[in-house]
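Q: Mind having a look at this structure? Questions to follow.
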Amino acid sequence: MATINDIGVAAAINIVTAFAFLLAFAIFRIQPVNDRVYFPKWYLKGLRSSSIQTGGFGSKFINLDFRSYIRFLNWMPEALKMPEPELVDHAGLDSVVYLRIYLLGLKIFFPIACVAFTTMVPVNWTNKGLDRLRHSNISFSDIDKLSLSNIPNGSPRFWVHLCMAYAITFWTCFILKREYQNIALMRLQFLANDQRRPNQFTVLVRNIPADPHESICELVEHFFKVNHPDHYLTFQAVHDATKLSELVLTRKQMQNLLDYNINKHMRNLSNRPVIKMGFLGCCGEEADGIKYYTSVVEGLTREISEEKQRLRTGTKSIVPAAFVSFKSRWGAAVCAQTQQTRNPTEWLTEWAAEPRDIYYDNLALPYVDLKIRRLIVGVAYFFLTFFFMIPIAFVQSLANIEGIEKAFPFLKPLIEVKLLKSIIQGFLPGIALKIFLLFLPRILMQMSKFEGFVSTSSLERRAATRFYMFQFINVFLGSIVTGTAFQQLNSFLNQSANDIPKTIGVSIPMKATFFITYIMVDGWAGVAGEILRLKPLIIYHLKNSFLVRTEKDREEATDPGTIGFNTGEPQIQLYFLLGLVYAAVSPILLPFILVFFGLAFVVYRHQVINVYNQKYESAGKFWPDVHRRVVTALVVSQLLLMGLLSTKHASKSTPLLLVLPLLTIGFHKHCKNRYQPAFVTYPLQQEAMIKDTLDRIREPNLNLKAFLRDAYAHPEFRVGEDPEPEEKLESDMSPPDLVATKRWSWRNTPLPSKDSCREIP
């Protein structure tokens, strides 16, 4: 197991690595050639222009102002300078709420760390429990004397740990409640102050039943004119536009090549650009590049127009789902929050996500398929979690060399070199675990897409939930179980089964050393590596050197990325779990967690301001998940402490811990009932009706139908289209007295019903 020297070596490696990353970033960011990599958000907002096109040859690529190198650390205060309301306007509420997770960690753990180091550390260190176990084949190091393992069985000092558990619980619940309340208020204010957006008036309707007499479009029109006659406005059918998407992508590529050849010709008017028609443009007949790509683009444009017309006029491409818009937010809220028919599996309604958040590929999935898909994903996830225990066991074998040496003495000469041993135990386990987890988020995101979620935000929240469960089962519990097995392997082999729980109770607190190494690799060096953006930097310069032909290519060469809720939030929750579990067991871990939260807050605030470009805005809808996982970590810490004290024969203090999980669960239910509705439902009176009234006063002649007409059309339908002329408002606000329908009578008569007509207007 890792000793103090091993932890010191690991800390030195990670501190040097993090400092090198931060120093490299501070220098790279001020170079004009890297401007698009480190400030892409300002380019997207149109507030920054490329410096490569201006200035002398040297100043295009290298910053020649030596005074800027003196101020190279100014990015830290600049990242903290922007006030929160301005940050909401600049980056959105999702980004601000995400940053508040790091602040939540600082608010919870800083006071806990202060109390733990003034009370828990002296109580643990001044005992001799581990010294008395030297004869029992239990492996430990001096750093483990700071943990609960150093207290002998039945000691009255366990009352201090009991009091600490109560203090941690009450303080954490207090901070969680206050933060939940503040963020719920921020969300409601954001929605109240938000400008008019299509998703405020629109509901997604799924699982529309088939009808032998009417098409999907006619059925939707008929259903909502009948059931919501005073509020229904219009609808947007959902098409399977796979072929259209492929055509649009191909035309975009060909248009880019055409622009490149035109620019090439403009630089040298005497020569027309020539291309070869053979394999990869390396052989074959020669042709005029401009004429060739012009004809290709024109042909693809005709194909796209024909495909759009086919999708609009045909019915086979329409899927049983639609975006239904209403004349008011109140009408949309009523529809989204009520059951439409007796059959709860038909005409399913929910608030539509904003247009850029919609994941169109999953809208066509039938309701029955969703159940089957989720069952398949559940089984696949179980086996993925189960088989991942193998690399976890391998990582733990690296972290417990002493235990392996005792069980397998022939390996001792290979790993006894002092520096090598410190690196293996203090640094290698953390980096190995980080590597094994590298591709997991992509796998979990593909699982979420297969499950059928219809918005990017719901996909990320689902993937985050699975990633958190995976981290809890494999990284936390798996590391403890397999690590304890390797660490105390010799002890297990030479003691009776009745003594194994006692050995586990002693060794679990000692696993803090492994998690310390992981926190330093992932939370220190990893966060510093995030701000350096080494991968996007390399990709940008490779594209800029070999693939960029036009200014549009240069704009697309850098992906600004997003906050990555599906990967970042579960990682943060692992630190909450480790901090709450080990606060009363082995407080030595807390300073490492505090460094992570502090560094990550500064780094990600800088990234949110200058780099990340969110793909959607959910107004902090993910916060209930954050709250629930912190509460889960708190309950796990209480149960684990209860189990540890029971193995230490603290019979008088242990029963008093039984009340803590009950109080915590009751607290969670209170917060769920009090604050979660703000993240799930839309208040009809205070929010919907007030905003509708203000709209009618401020813009009495608003043409809402024109505003919503193509808001939820498939993105490829909106490419290269001219806006249609606006219609009069009066036509939108006066529904017909009779609802047109093509449904035939069911009473054995060939005549249509009296309200039927040949075509719905």
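Count begins at 1; order follows the chain as displayed.
The backbone N, Cα and C atoms fix where each Cβ goes, glycine too.
Since we're looking at a predicted model, the values are computed, not measured.
The feature compositional bias 'Basic and acidic residues' is assigned by Swiss-Prot to 718-731. According to Swiss-Prot, the feature region 'Disordered' maps to 718-761. Annotation comment: Swiss-Prot describes 7-27, 101-121, 156-176, 375-395, 419-439, 467-487, 512-532, 583-603, 630-650, 653-673 as transmembrane segment.
Quick one: how deep are these features, and who are their neighbours?
A: Sequence-distant contacts of the transmembrane segment (7-27), counting only residues of its own chain at least 6 positions beyond either end whose CB sits under 8 Å from a CB of the stretch, comprise 38, 69, 72-73, 75, 143, 419, 422-423, 426-427, 430, 513, 516-517, 520-521, 524-525, 527-529, 531-533, 599.
Within the same chain, residues 1-2, 6-7, 10-11, 14-15, 17-19, 21-22, 24-25, 28, 141, 143-144, 147, 396, 399, 425-427, 429-431, 433-434, 475, 479, 483, 571, 575, 578, 582, 585-586, 588-589, 592-593, 595-596, 599-600, 603-604, 606-607 sit at least 6 positions outside the transmembrane segment (512-532) and bring their C-beta atoms closer than 8 Å to a C-beta of that stretch.
Same-chain residues lying 6 or more positions outside the transmembrane segment (653-673) and placing a CB less than 8 Å from one of its CB atoms are 158-159, 161-162, 165-166, 169, 173, 176-177, 180, 624, 627-628, 631, 634-635, 638-639, 641-642, 645-646.
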Q: Could you tell me what the rest of the chain brings near the transmembrane segment (375-395), counting residues at least six beyond its ends with Cβ under 8 Å?
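A: Result: 429, 432-433, 436, 443, 447, 450-451, 466, 469-470, 473-475, 478-479, 482, 486.
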Q: Restricting to the same chain and to residues at least six past its boundaries, which positions have a Cβ under 8 Å from a Cβ of the transmembrane segment (630-650)?
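A: Hits for the transmembrane segment (630-650): 104, 148, 151, 153-155, 158, 161-162, 165, 168-169, 172-173, 176, 472, 501-502, 504-506, 508-509, 573, 576-577, 580-581, 583-585, 657-658, 660-661, 664-665, 667-668.
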Q: Would you kindly list the residues that approach the transmembrane segment (156-176) from elsewhere in its chain, counting only those six or more residues past its ends and only Cβ-Cβ distances under 8 Å?
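A: Same-chain contacts beyond the ends: 104, 107-108, 111-112, 115-116, 119-120, 123, 127, 148, 580, 583-585, 627, 630-631, 634, 637-638, 641, 645, 648, 650, 653-654, 656-657, 660, 663-664, 667, 671.
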